[in-house]
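What follows is one structure encoded as structure tokens, with my remarks underneath.
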Amino acid sequence: MPVHVVGNVCVDTTFRVDRFPQPGETFNARSHMDGVGGKGANQAVAAARTGADVRFFAAVGTDPAAAFIRERLKNEFDLRQLSAKPLPSDRSTILVNQDGENLIVSGIDCAADFDPLRETGLLNLIAHGDILVMQGNLKSTVTNACLRAAKAASATTILNPSPLSGEALDLAAVDVVIVNQGEAFETTGKPDPEDAARDLVRRGAKAAIVTLGAAGCLLLEDGAVDLIPAVKVAVVDTSGAGDIFCGCLAGCLMKGWRLAQSARTAVAAAALAVGRRGTLEACPSRVELEKLMNTVEAESL
Ligand code: ATP
């Protein structure tokens, strides 16, 4: 059964800088490189590398950036569900400072125009037992329609509503909502992650996960809280950690694993990613994820 990842893909240009610039300031980066990113693509790659059968639904332009994206993703999963639009492909500029923190700005013409229910075969492809994974890059009306269509087809839905748009998302159509600590506060107004998770469940989500950076994550399921500690690692670049977490979690759930066991694996996968440079480049390989999943499975016996 497939994991349908519906969202965005873009060309990421990452600049490594000594510090973040002040308004109006110009200075040179230490290095820069292009790669493929976008929360949708990152999560799709992470899910595919767990061994899941991933279908990726996103929009690209018809420009050289689109060709770059297709070339980089062609060995990860089937690209037939990519929509080609007469628009510039989406792009992100990422600044990473010496502490591994990041600042990101994105151009999202394709994602803003993308309607997978109208433009792709999603509605006919999604079925009972499948998993739908979405993020916050598409219009909220589009995201809500996809989530509701997936629930109507008896699929499991995972929503990582990042970046937050301020518009209401239908948590009643969400089985697992995943937010980081800042998003948890912004969405619920509750500074305490457990209070925030309870609020997200009160709003309709079946289960809620608040990722806590170097502190791991908090899982709220069936009224019970599980605090899953992070794996200690020397931080190189945290960008994309949340996406590796979400994609890996979806892949583990597709194997029929319990949510807590899936979250434990996702925490370990994300730790591998923060120890490396880049976003997608930092995603653990298929071999690494297989080893990690075997270890978690053995520990839980
Ligand atoms: P990003 O925006 O950087 O992709 P995020 O803000 O969405 O990430 P975080 O809560 O920062 O999400 O990180 C997601 C997961 O990655 C955490 O739950 C944790 O398991 C892992 N992680 C993040 N930072 C660290 C760290 N410094 N050490 C170990 N694991 C980490």
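One is the number of the first residue shown, and numbering goes on along the chain from there.
Using the three backbone atoms N, Cα and C, a Cβ is placed for every residue, glycine included.
The domain 'Carbohydrate kinase PfkB' annotation in TrEMBL covers 4-282. Among the features that TrEMBL reports, substrate binding site is placed at C10, V11, D12, G38, K39, G40, A41, N42, D243. If you look up TrEMBL, you'll see N180, T211, L212, G213, A214, A215, G216, G242, D243 marked as ATP binding site. The feature K(+) binding site is assigned by TrEMBL to D237, S239, A273, R276, G278. Look at TrEMBL and you will find D243 tagged as active site, proton acceptor.
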Would you mind ranking the binding-site residues K39, R276 by how many other Cβ atoms sit within 10 Å of each Cβ and giving me the lowest?
R276
Of all the binding-site residues given, namely A214, D237, S239, A273, which is spatially nearest to C10 (substrate binding site) at the Cα level?
S239
If you run the three-state DSSP split on D243 (substrate binding site), which class comes out?
helix
Just checking, which of C10, A41, A214, A273 (binding-site residues) has the fewest C-beta atoms within 10 Å of its C-beta?
A214
Which state, by DSSP, holds A41 (substrate binding site): helix, strand or coil?
helix
What's the CA to CA span in angstrom from R276 (K(+) binding site) over to A214 (ATP binding site)?
15
Additional residues surrounding K(+), by Cβ distance to the D237, S239, A273, R276, G278 centre under 8 Å:
V236, T238, G240, A241, V274, R277, T279, E281, A282
Count the Cβ atoms, other than its own, that fall within 10 Å of the Cβ of D243 (substrate binding site), considering every protein chain shown.
30
Between A214 (ATP binding site) and G278 (K(+) binding site), how far is it from one CA atom to the other, in Å?
18
Taking only same-chain residues 6+ apart in sequence, whose CB is under 8 Å from that of D237 (K(+) binding site), what do you get?
V96, G100, N102, V274, R276, R277, G278, A282
From the binding-site residues N180, G216, S239, A273, pick the residue whose C-alpha lies nearest to the C-alpha of K39 (substrate binding site).
S239
Checking proximity to ligand 1 here: which binding-site residues out of C10, D12, A41, D237, G278 have their Cβ closer than 6 Å to it?
none
Of the binding-site residues D12, A41, A273, which one sits closest to L212 (ATP binding site) when you measure Cα to Cα?
A273
Shell list (substrate; ref centroid = CB of C10, V11, D12, G38, K39, G40, A41, N42, D243; cutoff 8 A)
G7, N8, V9, V36, G37, S92, T279, L280
Can you tell which of the binding-site residues N180, G216, A273 lies nearest to A41 (substrate binding site) in space, using Cα positions?
A273
